[in-house]
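Taken from TrEMBL, the feature Zn(2+) binding site covers His336, His340, Glu359. Residues annotated as domain 'Aminopeptidase N-like N-terminal' in TrEMBL: 60-235. According to TrEMBL, the domain 'Peptidase M1 membrane alanine aminopeptidase' annotation covers 326-475. As annotated by TrEMBL, transmembrane segment applies to 6-24.
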Amino acid sequence: MRIKTYTFIVIISIICLMLHSCYYKPFVGYTLNKKGFKNFSKKERMAGDNSNPARDYKINRYDWVVEVFPEQQRISGTMDIHLNTLSSQKVLLFDLQKKMRISSYHCSVEDAHINRKGDFLYLKFDKPVPKNTSLKLKISYEGKPANVASQGPVQWKKDKQDRFWISTVTEGIGPHFIMPCNALLNAEADSSSITVTVPDQLVAVANGRLTGVKNHKGNKTKTYRYQILNPINTYSLSFNLGHFVKLTKPYTDISGSERDLVFQVLDYNQDTASSFYDQTPIIFKELEKLYGGFPFWEDGSKFIESTFSAMEHQSGIAMGSNYRNNWKEFNTTLIHELAHEWWGNSVTGLDYCDIWMHEGMATYSEALVLERIYGPDAYDLRIKLAARRVKNTIPILKECGVLYNSWVNPADQDIYNKGALMMHSLRIVVDNDSLFFNTLADIQNDLAKQNVSTASLIAKFNNLLGNDYSSLFEYYLKEAKPPVLEVFIDKEEDKIYYRWQEEIPFYKDGEISIEQDDKEFHLIPTTAYKSIKLKNAIPISFQIEKSIYYTVKYQKEI
Ligand SMILES: [Zn+2]
């Protein structure tokens, strides 16, 4: 039994490592300062500054029209930015990566001029524009998007039949690499449209619902227009081009309405993809039971075969070609990306420093969905895997108000598994599953389609849970290390000595479990050493999944 379990864990671990989800890939290495963060440049601080007065406007709508030239790896387009000023303005700040050339622009307010400095785009007015002015800025631009370490923002690839297959991915790189926009996380447009013109043998698929296709026989192109009626993260706005075929699967949602789930897959993968995606309605239903109804039915739910592993593009999730399951009949990447529709796309961080709430909750959702399908052992195993992957070298709450050109240190990936382990710890401490799960659903309901800071989300948890769990959140978010259990093994006496390295304010008198020979022992550590005598001092295993998340530090003496 033990060998079987071990083998299963090893196999699952290997497959999980192979099946990356939307994990940030390192672009360039950086060194960390004493606080455990990158030393950000003045430009990075300015680009990520939420409090810059020149960003004091509300984006109402983006209308993005883009033509794609695969042979030249070039794009050309216009962006209509509809906004309202929130204060009197002499200058507005936008973002457009410097390789994109502006050919013309027009602003609905007279005497407005564009100045560019690096990746910053300033719209300057001769006369101050009053607060609450509705303004439309149209920018025509073109160029070859920068290639950031072959990761994006546009991946120009060929499929197995040597045909063009192209995807965009801008999270971590920045949406301004392919469109003029406000690249801050909190600058979501209320609605958007994406119009993509492509060579006529290719199908263009973007977020939202397809509202029209035009065939331009003269120049052998086709134009696809998509409408997005919901607020959307700017990095979610994306397109995919390829020889796609459309599959649909019926789904009865949690309210009893009949829906179609849409899958746009490469033609030669149609059969494989169709059987792979049979699991989608099951995952969908479990997520709806956990978090409430899918937030974006107006825009539909769609999965698009992308050139990279996966990304949670809202209402148009990118999924790679790896049509294999890694957890019995399920694929945890699919669970993860779909969970992002609730955590990340509906409830969104206010700043990129809050990104743990996207990734931590999506990763924790993997454990919760597996638990609902396969029972508590599957949950426990996913939590164990999370604990093994965490590096614990830097805090998962990042520095706020700075531009992240991707999370470029491998330790940054703790936002996934440590974020999940924090939620697991909260569940343990709350010790009331119905309250815990009602709270998750209530947060989804109360904060739907909003940008939320870490502090606001913690306050919301405390309020709904009826207790102050701030110290738990602070410990896991702001400390590099989780609680540490110091352990000394006395092999001669067959005794285990244990104590917390420091007091754990949110887990006083909290229990931990150790296992030996399929027997469980429950211990209540304090900051003073206690001991337990066992049949043999080794081997023992610490069952992290049965308690809050902590690490074990073995002592040579006490
Ligand atoms: Zn993710």
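Using the three backbone atoms N, Cα and C, a Cβ is placed for every residue, glycine included.
Across the domain 'Peptidase M1 membrane alanine aminopeptidase' (326-475), DSSP assigns 98 helix, 9 strand, 43 coil. Predicted-model confidence for the domain 'Aminopeptidase N-like N-terminal' (60-235) is 97, expressed as mean pLDDT.
The Cβ neighbour count for His340 (Zn(2+) binding site), using a 10 Å radius and every protein chain shown, is 25.
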